[in-house]
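S.K.: So Swiss-Prot says this about it:
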TRANSMEM  9-29  transmembrane segment
TRANSMEM  65-85  transmembrane segment
TRANSMEM  98-118  transmembrane segment
TRANSMEM  162-182  transmembrane segment
MOD_RES   SER206  phosphoserine
Amino acid sequence: MALPWLQRVELLLFTAAFLCGALAAATLTRTQGSFGGNCPLYGVAALNGSSLALLGPSAPSLCYFVAGASGILALYCLLLLFFWVYSSCIEDSHRGSIGLRIALAISATAIFLILVSACILRFGTNSFCNSIISLNLTISCSEAQKTSWTPSGTAVQFYSNLHTAETSSWVNLILWCLALLLQAMQCKFKATSYQPQERGDQEWSSETDALVGHHQSHS
């Protein structure tokens, strides 16, 4: 059974959301790993001779939250895609009003989590970069990732990875907002499609009562 066109567009959005969420989670995890498991967001850099070092990292749970939220939502998108592909090929692909309400609640929660994660990435990266630039060793974060860090091998492409994670999160936010809009439209269409049926049932009931009453009066 073919899926409605609105739901097909919704699944395309979730496909893109899966890619964005997975990319954000992977790049942030890679950045945290390059700092030895420390979270550079809102961190403080310091000079160690002629090298840079992460002196005051944030709690690792901050990066875990951002990467975890992005990863879990990406996994949800992937499972949702598998479910609807299976349903459209094997079973009935109809989604009822209760399913739509649940989808709306999940989308609203996802939008909140992604918005919080994107803001953490934006302001956390800016705070860390400002602490680096204030040392007057480099003029930008993109240049700082080319500078030597202590310990050796630390901060490999950290700014590029953080920038990619942030951009992916903002794009992911837009995709989820569009998905929420499509789900709301499906709820509206489903509600309006029930009204003519209910009106028709009432007319049928009235006609039936009239016929029954007419038959009883003759008998």
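Here the Cβ of each residue, glycine as well, is placed from N, Cα and C on the backbone.
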S.K.: Short question: which residues 6 or more past the ends of the transmembrane segment (98-118) have a Cβ under 8 Å from it?
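M.R.: 24, 65-66, 69-70, 73, 76, 166, 169-170, 172-173, 176-177, 179-180, 183-184, 186-187, 190.
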S.K.: Excluding the flanking five residues on each side, which residues at least 6 beyond the ends of the transmembrane segment (162-182) place their CB within less than 8 Å of a CB in that stretch?
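M.R.: Here the qualifying positions are 6-7, 9-10, 13-14, 16-17, 20-21, 23-25, 27-28, 31, 40-41, 66, 70, 73, 104, 107-108, 110-111, 114-115, 117-118, 121-122, 125.
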